[in-house]
Structure formats: C-alpha cells, structure tokens
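Engineer: Just lifted these from TrEMBL, have a look:
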{"type": "DOMAIN", "residues": "B:66-177", "note": "domain 'Peptidase M4'"}
{"type": "ACT_SITE", "residues": "B:Glu170", "note": "active site"}
{"type": "DOMAIN", "residues": "B:180-346", "note": "domain 'Peptidase M4 C-terminal'"}
{"type": "ACT_SITE", "residues": "B:His273", "note": "active site, proton donor"}
Amino acid sequence: MIDQTAPPIIVECQRQGGIAFPMRRPKITLDVAGLPAEERATLQHLVQAADMAGQPADYPGPGYPDALETQLTVIWPSHSATVRFRDGDGHPAPLDELAGWVLRHNRPEQEKK
Amino acid sequence: MCQHDGCPPHVCFIIPPHMMEHVATHSPDPTMRRRAMRNLYHQGRIRGMRESMNQFAFAGLATGTKRRTIYDAKHGGDLPGTLVRSEGQAAGKDVAVNEAYDYAGKTYDFYMQVLKRNSVDNKGMRLDSTVHYSTDYDNAFWNGQQMVYGDGDGHLFDRFTKCLDVIGHELTHGVTQFTAGLDYSSQSGALNESFSDVFGSLIKQQAAGDTAAKADWLIGEGLLIPKAGTNRTALRSLKAPGTAYDDPDLGKDPQPATMKDYYSGSDDNYGVHINSGIPNHAFYLAATKIGGKAWEVAGAIWYEVLTTRLQLWSEFKDAAAATREVAQKHGAAAGTAVDDAWKAVGL
Ligand SMILES: [Zn+2]
C-alpha cells in the first residue's frame, strides 16, 4: 500500500497539444525541498487530493480535437506515480488543480496571478 | 470486457444509436446527456459510420433557427457549467460570454448563408459554449458536443474567445465530426485541423468582407500577448506557415508549408497542428490564384470535399485528388489553380 500522506520530493508536469501550442513543452520539475514551508504544505495538500495511487497510468481519451494532454509524475522517497490525461476524458478535477499549481509555480514571480 | 463478436477491445455498443440519441437530447440529467453524447461520438468515430451521426435529430427546428447557449465554468473543470446566456438574451458585462455568443452566431450565419448548412450537424444543433474553463488555461477545444474556452494565462495568451477564426475553427471540428469524421491523428488529423483553419479563416474573411488578396490568412491574430523584441503575431499562417510566432517562451512556429518539411515525430497526435500547414498552404495558394472572395469558389470546393468525399482515414493525397476533381465543376481556371496549389506543396 502506497503511503500518499508522506511528503513528495519531486513533482513533474509536462503538457503537449492544444490549439495553440502543438509541440511538447519543457517538463516542469518542482523540487519540494526548495519550496518555502507554506508552499510545501499547499503542494502536499494538492498531491493528496490528486490521489495519484488511485489513478490509471493513462486515461483512455477519445482524442477530442484540440484537447491538451498533461502528464503528471509525483516522486516520493520510495516510489513514484505517473498519470496521463487529456481535456474532456473524465479525469478528476484535482489532477488539473495540481498540474495548474505546478505550471503556475514555474512562472517568474512578477507574472503569477 | 465486452464479449460480443465484432466489438473492439474495451468498446461495445450494446445500446442502439436511436436510444442513445434520445438520452442525449431528452434526459433531464446533464451527466446522462453528456455520457450519451460521448458514446455517440465514439460510435461515429470507431465504426466509421458518418450516417449514425448524421441521423442525430436534435430538434425539429426550422432551417436557419440559431440556438446558442453560453455556460460559465467559473474556472473549474466541470462541463457545461452554469448557464449564463441563451439565444435572444441581451449582452451582459462578461466579454468572454459576449464574444462566445456573437462569434458562434457569425459562424452559424456563415455556414447557413454561404454553405446552406444548418449548424454543425446540418439539423440545427444547439451551439453550446463554456467560457472561463479551468485556471490560467491556454486552450480551446471541441469535446464532441460543445466548445470550451480558457481565459489564457495573461502572460502568453489572452482569452481564447477573442478571435472569430478560433471560434470558427472549433465549430468546424463539429462539422468535420458530423461529416468526414477525419480521425484525429497523423494525416487525417492534420486534414481535420486544416479544414478547421480554412473555414475559421473564411468565416473571418466573410465577416470582414475581405477578398482573398486582402485577407491576412492568419489564425488567432491578437490571441498572443505582444512582447517587445519577439514575434507573437498569431497561432498559424496559411499564407506563410512557420512564420506566425518566434519567441523565447513559445519557441518557433513549427508548421511546414510543403511536404519537403513534413513532420514525422509523435508529438501533437503525430503532428495534427503541425502538418496541417501543408494543406493550409495549398488552400491559400488555390484561393488567391482563383481570386475574388475565397469562400465563394475555393471554399465551396473544400466544403464539398469535406462533406462528401473524405472519410475517417483520408490522407493528404485523398484530399488533393478530391479537390482537384471537384474544382473541375467550377471551370478550367479553378481546376488549374487547385492543381497548381497542390503541386506547389509537393502533392
Ligand atoms: Zn483544432
């Protein structure tokens, strides 16, 4: 049984596709140890909500036109979990919330909303 | 798993399409309607039966009756979201809602007035749109039954309702779904994308009254937020594929204009938004050679091909052959223009 309550050490997110941005974008890697305590807590909360251990490796998507594809990986000290999902494939919202937080976090401070 | 003979693994259509259609159009439960629509979409795609989708009777509305509904996802991921505007209601203060409503209307009018098509399914299907989808969402997509628009991240992209051609592009995915059904991968997927760009551009040109010579032939001009010292002109250019943007954050527009630079990698569903540059450019060359208003002859040829000549697995050579043949109906000059256009892109 995977313990998802332990703090993750790395969270990775990569996107491709969509109407605007066809090429695979660079993978965003967040090293949790480098985050301030408040952000670490937020990230851990988002990771728990995403329930990575309960997700399939790949959501079987129908390939809707212009759908974005996201690949999320969470690495804990002793294991890791990866899930791939696309717009409109029925994946749970917490996966989008985790991916969105990681992508936003990578942005320069003055450009974050 | 399904044990029926003839059903592909993990996929079984035990409920007949007419029952599914009833659920999709009459169930009071939005989740049931969504699930039924999705199943119908799968059936149409996997069986390659365009008829099963074409028979989809949404409502017995008079031809030319426009029905638009706009929903607000309130930055979440649930579709369709909260209904905020229906057909005939006055504009409100939300710019994205107003744009989604107005541009869906212009797209409907183009298909009705120019191509005599009654909405995406040619049976008056209601045009549903959801705005404010997710957070910092840099995308718009067609989910088999409705359009979905993000607000952009405010850093690279503005709101995705901003451009008429982008909305025309998304709705044309619906037209393709109900006609050729082009599979969304490799060359058939690039054709699917190209038809969306071609008609997205034509919808914009017709709304502006532009001739082929005057049109900008850009898709999503103004969607990218300008930045000094970089090229953030648009998402794509039919006139000059590969030149729409060049920016440290976005990279360079990867579209080829000819088969010589065909992308053979696996990104983007094997290059659906990349290799679409090739048929896009062929259309541009044909339309500008024919001259006048691009939707009148070149657009009519491409529309006839999309709706009567292509199918699930059609490739570039099929589209080239079919448009060459249909162009003959429009006179020798049109035939030569289309032939020359495909030759110029290497087909
Ligand atoms: Zn598209």
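Each Cβ is built from the backbone N, Cα and C atoms, and glycine gets one as well.
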Engineer: For B:His273 (active site, proton donor) and the residue listed as 'active site', determine the Cα separation and express it in whole Å.
Structural biologist: 13
Engineer: Does DSSP give the residue listed as 'active site' helix, strand or coil?
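Structural biologist: Assignment for the residue listed as 'active site' reads helix.
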Engineer: How many neighbouring Cβ atoms, not counting its own, are there within 10 Å of the Cβ of B:His273 (active site, proton donor)?
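Structural biologist: B:His273 (active site, proton donor): 29 neighbouring Cβ atoms within 10 Å.
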Engineer: Would you count the other C-beta atoms found within 10 angstroms of the C-beta of the residue listed as 'active site' for me?
Structural biologist: 29
Engineer: Using DSSP, what is the helix/strand/coil residue split across the domain 'Peptidase M4' (B:66-177)?
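Structural biologist: Taking the domain 'Peptidase M4' (B:66-177) as a whole: 33 helix, 22 strand, 57 coil.
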